[in-house]
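What follows is a set of notes on a single structure, which appears directly below.
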Amino acid sequence: MLSQNHLHVSLLYIVLLTGTKYGCGGGGCGACTVMVSKYDQLNNRVLHYTVNACLQPICTLHGAAVVTVEGIGSTKTKLHPVQERIAKAHGSQCGFCTPGMVMSMYTLLRNKPHPTMEDIREALGGNLCRCTGYRPIIDGFKTFCDVSNAFNLFPQISEELFHMDNVLPLDPSQDLIFPPELMIMGKKRACGSLCFQGDRLKLISPVDLTNLLELKTEYPEAPVVVGNTTIGPNMQVKGVHHPLTIYAGRLFVIYLLCVYVHAGVSMGAVCTLSSLKDEMERAVREMEAERTRGYQALLQTLRCLAGKQIRNMATIGGNILSANPKYDLNSVLAALDCTLQVMSKENGTRAITLNEELFTGFGKTALRPDEVLLSIDIPYSKPWEFVSAFRQAQRREFAFSIVNAGMKVLFREGTNIVESLNIYYGGVGPTLVKVGRTCQKLVGRSWGEELLADACRLLEEEVELSDSAHGGKVEYRKTLTTSFFFKFYMQVLQDETSNLTLVFVCLFLLQLVSNAQSSQDPVGHPMMHQAAFHQATGEAQYYDDIPAVQGELFVYMVTSTRAHAKIINIDPSEALGMTGVVTFLSAGDVPGQNRRMLFNNPEELFAEEEVSCVGQIIGAVVAESREQARRAAQMVKVTYQDLLPVFFTIEEAIQHQSFFDPKRKLERGDVGKAFETVDQILEDEIYLGGQEHFYMETQGLIAVPKGENGELELFVASQHSAYTQEVVGITLGIDSNKITCHVRRLGGAFGGKVMKIASLSAITATAAVKTGRPVRCVLERGDDMLITSGRHPFLGKYKVGYNNDGTIMAADITYYSNGGCTLNESLIMEKALLHMDNGYKIPNLRGRGLVCKTYLPSYTAFRGFGGPQGLMVMESVLHEVAVKCGLPPQKVREINMYREEECYTHHKQLFSPRDMLRCWDECLDKAGYHDRLQAIQQFNTSNRWKKRGISAVPMKFGVGFSKGFFNQGAALVNIYKDGSVLVAHGGTEMGQGINTKALQIASRILKVPMSSIHIKETCTGNVPNAAPSAASFGTDAVGMAVKDACEKLMRRLKPFMENHPKYTWQQWVINKHPPGYKKVNIMMGPHTDMDWENSEGPAYYYFTFGACCSEVEIDCLTGDHKNLRTDIVMDVGRSLNPALDIGQIEGGFVQGIGLYTIEELQFSLEGVLMTRGPSQYKIPALCDVPPQFLRIHFLSGEPPVFLASTIFFAIKEAVAAARRERGLGDSFPLSSPATAERIRMACEDQFTEMAPSPKKGTFKPWSINI
């Protein structure tokens, strides 16, 4: 058991409580959140707090009660109000993150039945959601706030999207009690150590300090853990092995003391960060401000540090002794001159000053191996002492800092003469850095501009950071050191700091349902997701929630560690000799075809002779358990011979002329001739980085051989079950009719579970056939990110001819995408080209699309399918032309828009831009664009180091597939003798609500309540040959198929219904039997086609139109930005379900925020993906959502991703304002995503000049830009 001793393993696979989800294994997503309750003997109370079950060793829960989502409510008994309200507020889409959200909120209410909005924001800070955009989750939970605190923040949502009528009241008296036997145990003084022994691990839990010191003397190398938030991820994710661990969490009588003494506060080393935050807040609240300046700085850091669950687990002592410079506390505590009290059995107690000398290397301290940390003394601030803390991270909260700093200055009383100065930095070296020489030379100086200038010069000299330093971003990190000091200098002068308070203001103008529509007709109403209650209670079943089948095995992939090499030998002998290992699979074990053709390009299941990327699957280990399979996979020895060339970037592929076929081209007009007549020509380029899907549920499946006629069942997480079925059949060499794929639901997908899951399914199916036993495959988060890849990086190079009034007459654009090592779904290039005109009539337009073949894992489909990249390049063209003409970008966009009633796209598809123009005008009007533009100009004039920008863009987005055979829906509708209706269709439910909408449609046509209709799982045995659920076309196709099938059934029933109008539905059905029950399977779809030779064709069934306006504020000194407000206007007809469609808008837009501003993939020079998990890769969190939204009308889920480009262009406007103030040009390069680093370095000033970029080729960079 100790080989997998974490709580989530026990809950999921032993206790079979599947509501607690596995999302990352490192405490970075919150999907596994549970509530732990313990008796606090010191204060005679029960503590309730959230933890990440994936990090919580089950052996450390002795005496504690654990409450999971199943324990607080159920659809079978009674829902808890938290579960009901998140469901009714439409806060659950795919549902995979929902149990974690529920438990975070439930725990908050256990501690504070009437929370504030800030309490809710803090409680959910450690929970990520990739679907909703967070607003509906907050919308449901804010109903627990006092009316004065909540409803004024959300003036109209609750009334329009969900009602508070008849919701369950919160009644704390009905909550679970703390088990009396644990209360009795807790009140008794613990006696005797506990020891837990596994096959590879041993954990000892001492009960008193003497015992702990004896253990550290006997086992000096054994780590001491309490929260397990550093050791845990190292063991879970990085594979670090500690045979013996000492758990010190039971020594609370000594350790949990917080003592206020004359000089300050003494905190026990195992006080959690949450406890530290509470004590600092209490001190700030109760004491005079002058004495708590240091505590205020500490609080500023603690509010951004990790998520609530981690703060509840992590301890102040563990944070310090982890000796990680990215951990923010050490720089602040060192600046405050804190003291550590340490103790050993041999030498007793001693005091150590917390400074740079404490840290001897990364992860190493000056403590002796047998010493333990007892407490930390945090002094009060003195009169005339000023303290500040700074941090800059990829994301404002719940992210490791890139650079952090703690600074303290003490002035001689009544003067501005520096008496002492402390400046500490984390993130500019392997350990904490004190700039001692700088501090020494500034002592005795007046706090003025001369000191500032000298300080910056001294910092530049003293902070040494190699150009090849670990973590990269060298120029940015150097710049932050001086920028932080400048901010400190200004704060001391002003003696003030500002904190951002998030106030979410959302307004939706919803379509009205006609009064003539029957009250029984659900179409057009904001109906709750049909599985929302089950998702909120943890009852909704995902593939890995299915209980283990008897004899089930586990498969783990063996992947390449080289980017381009010949496979000399594969030796699995050591792995096969390990306990529990059953077999090893490679290319020779495939009974059918190991190689298949995909769009005339070969794809290998297992690499046979060569590997062409790091992460390519070479083999697979099959074992009795996942842990045994994981460990054995690491023991498979692969011998390589490196091959050349090896390259990873688009630029390198262009140099090697390495491209996939087909190469696409579209053209209208005479581009060359037009260039001869224009006033100006501009040549430029824009780069767009890739994006990881980061669906909350990782990829996987269960393959179950049936033992008769070679039949096989797959329970698989796939958006395209028919393709999975096909690939498995080819691999096994059997007919598709013997393979049945079942898909109940997906925990998010976004295009990432279309193609690559088919290969994983084929490997798992091969293992099942070879062993004759069921086999389960569940990718760990890091492997999922490594193997499956994500959105294609793009480079758009353009030459534009325009007139001085901003009219663009000609554009020649070449799109390059990084396709990786195989073609896979790189035909997204076609969609990029088809969207290159966006809403603009450029009479002479040429686009070329080249997919670069590199030695990276092949990129695949992602929400928007190339559209966001293609549209982004065109918007960059418009923006840069506006800059060159000295015109507002909004005016240049308007000048170039399609205007005629009947227009043709550049691929000669007829459409009307009327709705697009209406959306544009209404968006600018509702956003108050022109008034806000003036206000922004005034703000920028008044603020030197903060700038704002605003941007608006229109959108024309094609819906459906350009290949007509994909635009088909399939449905099977059965009516049973009791009147109940069963609907099966070929779509996949992955949070978009396709099942709910199908129910609404069937209910309308059949005129029966939704409660009488049931949606069956997606199954290739019921609905064959279905198209993928993608391209925002699933509901269009499936919905029409359901409608058509129901209408056929109603036509058969109609004569009987007319003859017996007073009969009920059940009477009509039972008397019409059997013809009325005849199954109907109908497939229908629009015709689309594209003639690439002649650059023409109806590529899409229809276009959606919209416009978006966003405002941002940037910090010119750090590059941090705030998304202040976003207005979206969409018009795509009438919504089947406004609540679900709004959720898709918001989710897509927030995912776009990640694409264009936050999410950054980093690769090593050897082509290894380094951002493999939530610790390194940051998706938008609650703190990234614009505080103000105004959204009107509806659309499907893919187009809004692009609308987030308004954030990017607003940032660019803000940066341009900063540059203009410094006499720099408005035209400057800015690649996407516009990260804090890129924003800061684009705001060139005296601080960036101190960190010049080294010449290319003079150093070895830490990572490469893909």
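Note that the numbers count up from 1, one per residue, in the order the chain is shown.
Cβ atoms are placed via backbone N, Cα and C, with glycine included.
Here's what TrEMBL has on this protein:
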type     : residues                                                                               : note
SIGNAL   : 1-25                                                                                   : signal peptide
BINDING  : Cys24, Cys29, Cys32, Cys54                                                             : [2Fe-2S] cluster 1 binding site
BINDING  : Cys94, Cys97, Cys129, Cys131                                                           : [2Fe-2S] cluster 2 binding site
DOMAIN   : 196-383                                                                                : domain 'FAD-binding PCMH-type'
BINDING  : Val224, Val225, Val226, Gly227, Asn228, Thr229, Thr230, Ile231, Asp328, Leu373, Arg391 : FAD binding site
BINDING  : Gln719, Phe750, Arg863, Ala1031                                                        : Mo-molybdopterin binding site
BINDING  : Phe865                                                                                 : substrate binding site
ACT_SITE : Glu1198                                                                                : active site, proton acceptor
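Ranking the binding-site residues Cys29, Cys54, Val224 by other CB atoms within 10 A of the CB puts Val224 at the bottom. Nearest neighbour of Cys94 ([2Fe-2S] cluster 2 binding site) by Cα distance, taken over the binding-site residues Val224, Arg863, Phe865: Arg863. In sequence order, Ala31, Cys54, Arg781, Gly1173, Pro1174 constitute the residues six or more apart from Cys24 ([2Fe-2S] cluster 1 binding site) in its chain with CB-CB distances below 8 Å.
For Cys131 ([2Fe-2S] cluster 2 binding site), the same-chain residues 6+ apart in sequence whose C-beta sits under 8 angstroms from its C-beta are Gln93, Cys94, Cys97, Gly748, Gly991, Gly1143, Gly1147. The closest partner of Val226 (FAD binding site) among the binding-site residues, by CA position, is Cys29; the full candidate set was Cys29, Cys129, Gln719, Arg863.
Within the same chain, the residues at least 6 positions away from Phe750 (Mo-molybdopterin binding site) whose Cβ sits under 8 Å from its Cβ are Arg130, His693, Tyr695, Phe862, Arg863, Gln1151, listed in sequence order.
Of all the binding-site residues in the list Val224, Thr230, Phe865, the shortest Cα-Cα distance to Gln719 (Mo-molybdopterin binding site) is found for Phe865. Excluding the listed site residues Cys24, Cys29, Cys32, Cys54, the same chain places His8, Lys21, Tyr22, Gly23, Gly25, Gly26, Gly27, Gly28, Gly30, Ala31, Asn52, Ala53, Arg781, Pro1174 with Cβ atoms within 8 Å of the centre of the [2Fe-2S] cluster 1 site Cβ atoms. Here the binding-site residues are Asn228, Thr230, Gln719, and the one whose Cβ sees the fewest other Cβ atoms within 10 Å is Thr230. In sequence order, Thr301, Cys304, Leu305, Ala389, Arg391, Ser401, Asn404, Gly426 make up the list of same-chain residues 6 or more apart from Asp328 (FAD binding site) whose Cβ falls under 8 Å from its Cβ. Cα of Cys32 ([2Fe-2S] cluster 1 binding site) to Cα of Thr230 (FAD binding site): a span of 17 Å. Comparing CA positions across the binding-site residues Cys29, Asn228, Thr230, the one lying closest to Cys129 ([2Fe-2S] cluster 2 binding site) turns out to be Cys29. If you take every residue in the domain 'FAD-binding PCMH-type' (196-383) and average the pLDDT, you get 91. Taking the centroid of the Cβ atoms of Cys94, Cys97, Cys129, Cys131 as the [2Fe-2S] cluster 2 site, the other same-chain residues with Cβ within 8 Å of it are Ser92, Gln93, Gly95, Phe96, Thr98, Arg130, Thr132, Met696, Gly747, Gly748, Gly991, Gly1147. Around the Cβ of Cys32 ([2Fe-2S] cluster 1 binding site), 29 further Cβ atoms fall within 10 Å across all displayed protein chains.
Of the candidate binding-site residues, Cys29, Val224, Asn228, Thr230, the one lying closest to Phe865 (substrate binding site) when CA atoms are compared is Cys29.
The distance from the Cα of Val224 (FAD binding site) to the Cα of Cys29 ([2Fe-2S] cluster 1 binding site) comes to 25 Å.
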